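Have a look at the structure below, then the notes.
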Amino acid sequence: MDRVEKYGLQIDAGLHRFLVEEAMPGTGVDADRFFSAFSDLVHDLGPKNRALLVKRDELQARLDGWYREHGAPVDMEAYEAFLREIGYLLPEGPDFYVSTANVDSEIATIAGPQLVVPVMNARYALNAANARWGSLYDALYGTDAIAETDGAERGKGYNPKRGAKVIAWAREFLDASAPLAAGRWSDAKSFSVEGATLTVTLADGTKSAPRNSVQFAGYAGDPAAPSEIVLRRNGLHIVIVLDATTPIGKADAAGISDVVLESAITTIMDCEDSIAAVDAEDKVLVYRNWLGLMKGDLEEEVTKGGRAFTRRLNPDRAYTAPDGATLTLPGRSLMLVRNVGHLMTNPAVLDRDGEEVPEGLMDAMVTALIALHDIGRNGRRANSRSGSMYVVKPKMHGPEEVAFACEIFARVEAALGLPANAMKMGIMDEERRTTVNLKECIRAARERVVFINTGFLDRTGDEIHTSMEAGPMIRKGDMKQAPWISAYENWNVDVGLECGLSGHAQIGKGMWAMPDLMAAMLEQKIVHPKAGANTAWVPSPTAATLHATHYHRVNVAEVQASLKSRTRAKLADILSVPVAARPNWTEEEIQRELDNNAQGILGYVVRWVDQGVGCSKVPDINNVGLMEDRATLRISAQHMANWLHHGIVSEAQIVETMQRMAAIVDGQNAGDPNYQPMAGRFEESIAFQAALDLVLKGREQPNGYTEPVLHRRRLELKAKQGA
């Protein structure tokens, strides 16, 4: 690998070329200033980063020793006292409110869906950024949200019976979201704008209007016969598209051809758990796509239905407001970027001792440099109109690590000439030590915090690893009913509201992991806004459009106001360990648990290691497609490792299960021409060996993280391919 030496850093030549020739021009930052500051950052803060990781291991060792002696805690007071004594559970300081300033309304005040997308994939990134607006008709027609009964099958061509059900659903949605003073939306015949009023002429000739006139936000086209009508509810917009020249509009009594919803209000462009970036070549791909998003020139050639076209970022949408002024609505989702956490290093840059630099330091420096194209002195202000950069920081353990991330951000701001606190922070509440010290974590970032989010997947992985020695864990499917998890979800909202996050920041909930099950999502995911979360994660633009309907039905600001008076969730519940009281499962139950875990692990790992795909839809044992990323992998691997450690299963049983399930995963991937089968070549399949490592060596992985094994095995495969 060719390297360029700068201020004691050995930088991969390809990364150096990208930074100097592509990322820096237009930012006002010159190469010497950048690399000098980057070197200072690495050499000043690298040792502190490593010390924090040592502290994680020391605390884990103390916990392991306690559990080996006591088992799962019964006397919670004694357990709590031990956690305080070792510095795991910290004293809580006085009440305070966060003071984060210059936050865009998409984060501060608008409640709505949030996408998380692998930024390494330009097509996915563009689709997500453009998912600010989505067709409700398409989302309903193309998913199981509308049942395929009574002749309403999806089929190949357009099915008018299905279309009629879609239209009826959308009209009922309009009745609930923007009711008319008289009549229903299904009675509408035509529309006009008279003065500042939307007039809806009904089939019987009577005139109606929205019951609440403030809900009419604007229109496009001729006021006597508008082409689009904009309505607003709970800060979210609905666009009714009127076009009688289209097949749908022609068949519609009112000429409505579509109902478009403001959908993914925010999107996390992910450099972490949903991607596989193990070296400089990969990191340049990640950073180049982020650069295209910040400069607004990211493009991707797409072929759909035999037609080729170029996908670009959508422009803003212009309408006429009721008072005649121009109403401009953002065309794109507000983008956040998720950097990696404090754990991993990357060979893209070496320090003066020849050691790999902490990847989190590199991500902070490079993603912020690139964000100058949006928020710098000459920035476009096309993403953040408030001049902020939004960085999601994952996998932090406790307030000291949050404070360290703030220190990194402050150093980067100073290096790049950004105002203090321009780099905002999203805190993933996905590690147990962060959960139990959440108030102090928020305090450490009180001038930067723009979201706290419960990542229940990683959080479950950490729960298992933290208490690995306490005993065999309950089955994975039973985790969601365990006392700690509901307490954790409520505690996050309670503490966030106590710290004054309303109006400043998002309180977020986790991912709906079944992208094909949209009817179930429509039924169930409304619990997130009802729980006081003003955002929640969805797996696709379509899911964002459907989940957006929940924020029309639930006014999250009102929910949050009502929750402020409730008693905070109990710490003792959060600290309860999900160990099986009587692990008396049948052999069949144990084997089914192993099969399901093994299938998820193999289905994900084989694509990660062999093809560098960091986010996959993997069929589970019941053939339901589940979105798998490193967080779901962490749970499955740690769960199997726990049962192995406590003798519920044997190593031979795990190997047999993995080999048997590998053949099933091979079959599920039979249609992929790039796929390398695992069955029959278990010793030589690097992916299969990686999957085994994750389980058989699961106890020794730092905090149960999967990155060290995945990175090592992917690099091994790339070296083999390059040889």
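Every residue gets a Cβ built from N, Cα and C, even glycine.
What you see is a predicted model, and the numbers here were worked out from it, not measured in a lab.
The number of other CB atoms found within 10 A of the CB of Arg338 (active site, proton acceptor), across every protein chain shown, is 25. Summarising the annotation, Swiss-Prot assigns active site, proton acceptor to Arg338 and lists sequence analysis as the type of evidence.
For Asp629, the entry in Swiss-Prot reads active site, proton donor, with the evidence type sequence analysis. Take the CB of Asp629 (active site, proton donor) and look out to 10 A: across all protein chains shown you find 24 other CB atoms.
According to DSSP, Arg311 (acetyl-CoA binding site) is assigned to a strand segment. Annotation comment: Swiss-Prot describes Val116, Arg123, Tyr124, Ser274, Arg311, Pro539 as acetyl-CoA binding site, evidence class sequence analysis.
DSSP assigns Arg338 (active site, proton acceptor) to a strand. Marked as glyoxylate binding site by Swiss-Prot: Arg338, Glu430, Gly455, Phe456, Leu457, Asp458.
The Mg(2+) binding site annotation in Swiss-Prot covers Glu430, Asp458. DSSP assigns Asp458 (glyoxylate binding site) to a helix in the three-state reduction.
Swiss-Prot lists Cys615 with the feature cysteine sulfenic acid (-SOH), giving sequence analysis as the kind of evidence. Cys615 (cysteine sulfenic acid (-SOH)) falls within neither a helix nor a strand when secondary structure is assigned with DSSP, and so counts as coil. For Cys615 (cysteine sulfenic acid (-SOH)), other Cβ atoms within 10 Å of its Cβ number 23.
Of all the recorded positions listed here (Arg338, Gly455, Leu457), Arg338 has the Cα closest to the Cα of Val116 (acetyl-CoA binding site). Mapped onto three states, the DSSP output places Arg123 (acetyl-CoA binding site) in helix. Checking each of the recorded positions (Arg311, Glu430, Phe456, Cys615) against Asp629 (active site, proton donor), the C-alpha distance stays within 10 Å for Cys615. Between the listed binding-site residues, namely Val116, Leu457, the fewest other CB atoms within 10 angstroms of a CB are found at Leu457. Candidate recorded positions: Tyr124, Ser274, Arg338, Pro539, Cys615. Nearest to Asp458 (glyoxylate binding site) by Cα distance: Ser274. The acetyl-CoA-binding residues named in the record, Val116, Arg123, Tyr124, Ser274, Arg311, Pro539, extend over a maximum Cα to Cα distance of 22 Å.
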